């Protein structure tokens, strides 16, 4: 990957702990006027040739659920690369539901990045009001429900059983965690900056920041303009482009989301077991569209499930849905038999194999549901970097690979998108 030109260096460098989260963040930046390139994993020399046009770079790692020591090492390597490109400020992006365990990885990674940047403070704000994620008095809400009553308490890898993010983050951090309360945020950027100064003087290294609206996120962005590191969900990046414009570093532009339309066959691959994805699969099936369910137990028995899926797709002249999505009870039953990690890995690898096989047969448009599944699929497709286009649904943009023969992809976190998302994504990727 070549560095930006001397005349134009990227301003913002971002590290995301999963692929769909990276795309979500990149979507936010593009919508707010920053041309954005997302890399898939740590970049290699020669992976992208036109980085010089990017205002923001997003490195998509797959570090959310790996051992904390590995997540720290990968994140520090990403930071080193982003600094070498000339980025001035950095964002560590994680899920808007704060997906983590007492072992990490949010706390350990944030503390390591702070140390590497020789900084003594950052905020942690996963709020994303547009998708119903808000924080008040340090407690995270998903819609009207507390985090631990939202369905996230059943997450197979990172069950979230405590809505107090101060407690959650403190349990996985060595340094003092505090709360940047709504009282300060509601009074504007100056009051918020004053409260940050008070927290710093009190020895707080990371503060959960309350936010219940986009206006609060813009306030936080302005108040944190001079912090080397900001951490949170994609919403925390809302106000950052305006900081750069205010400083005369970023021009107003209307073409940040410009990407080419991609013709050719399409497919939907769903590995998420979230409520939203279950609803999207149900809508597809209700409409009588062609679909094939992947059975993890059949995979465990060594059956040729991927071959059957490829044959199924070949037998239809329209996009098909290949899915492993099922109800929480069904997921638990499979996990009880196979183990959590093995069950997830089998599904991800099967869908990745199907994606690679479809690519070889000419498929050009891929809609993928689920963060872990998206990570496995983009790796199987050999995707190195993406240009970020217009939004399909909140948090989910259209993307196009930076290749001689580009592919179009929509990579969504499990819980994003309305019931008709699959159809909408296929249409938008094709320029319709």
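Every residue number used here counts from 1 along the chain in the order it is shown.
The backbone N, Cα and C atoms fix where each Cβ goes, glycine too.
For 155, 272, 324, 344, 348, 370, 371, 372, 373, 414, the entry in Swiss-Prot reads ATP binding site.
Overlay of Swiss-Prot annotations on the structure.
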residue: 155; record: ATP binding site; CB count, 10 Å: 18
residue: 324; record: ATP binding site; CB count, 10 Å: 29
residue: 348; record: ATP binding site; CB count, 10 Å: 21
residue: 371; record: ATP binding site; CB count, 10 Å: 31
residue: 373; record: ATP binding site; CB count, 10 Å: 31
Fill in the blank from the handout: Span of the recorded ATP site, as the biggest CA-CA distance among 155, 272, 324, 344, 348, 370, 371, 372, 373, 414 in Å, is 16
